[in-house]
């Protein structure tokens with residue numbers, strides 16, 4: 001299997017869910033073995049370049065933020081990263097004129113639509129995979145995430161909220177190609193009781209029912225059109241997981257299981273994997 005990029009550039013406008021700032025984002029084709037690169041076009045210097053890598057993740061509070069050595073950062077990259085993973089885009093340059101990726105409708109679907117509109121181009125280089133060779137586990141209180149060796153990528157994810165609107169939900173995922181149909185349109189969510197506090201901390205400045213599922217104090221869904229799926233919450237957590245894990249630069253070949261995962265836990269798993277060179281190897285499709 002070959003690496004792929006976009007056939008042509010594609011752009012969108014939107015606001016950041018936390019910053020509330022309106023930005024333009026463009027996804028452009030990139031050469032083989034480039035990976036995913038973000039460029040802050042509002043910063044006119046060579047310091048505006050950030051590789052979308054797990055080791056550049058600088059903040060995981062409510063979203064995933066990447067930064068470079070010059071303290072230039074881009075936040076809320078996970079929904080776009082999930083779309084790139086789900087569409088099997090290995091190489092892309094992402095130009096953005098602000099500090100946060102637009103939230104769009106709160107899911108990955110608008111980014112998937114953009115990529116599909118641009119088209120995909122196969123490249124003259126083999127696609128790489130990260131194959132897990134031993135059991136790896138990360139735990140924080142009652143939250144855990146672990147991966148074990150497997151010949152295929154599988155994910156089993158469970159979430160557990162005290163809110164009756166969410167409760168305990170479980171989802172198993174075994175086919176990357178089904179991401180765009182079954183996972184990509186699952187939206188982010190939040191509780192109305194937290195809004196004032198988040199806004200006081202400079203977060204959720206752009207949040208609305210147009211880009212997030214809102215849950216009130218009586219555990220009712222406030223969005224006029226309700227949910228897209230009965231288990232939309234766990235689907236979105238799975239979306240976040242894929243986006244965060246794609247900061248390793250490849251698709252992971254492993255059986256992955258998670259309970260009450262978070263952006264922090266997702267990133268910690270990658271650090272744990274790459275801290276032990278005997279726990280993984282990079283392979284091509286012919287070596288799987």
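Heads up, the Cβ atoms here are built off N, Cα and C, so glycines get one too.
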Request  = Would you identify which residue of 18, 70, 79 Swiss-Prot lists as part of the Zn(2+) site it also attributes to 236, 240?
outcome  = 79
Residue pair residue 236 (Zn(2+) binding site), residue 263 (active site, proton donor) - Cα distance, angstrom, rounded = 12
Query = Taking the Cβ of residue 263 (active site, proton donor) as the centre, how many other Cβ atoms fall within a 10 Å radius?
reply = 20
Message = What are the sequence-distant neighbours of residue 240 (Zn(2+) binding site), meaning same chain, six or more residues apart, C-beta distance under 8 angstroms?
response = 78, 79, 82, 261, 263, 266
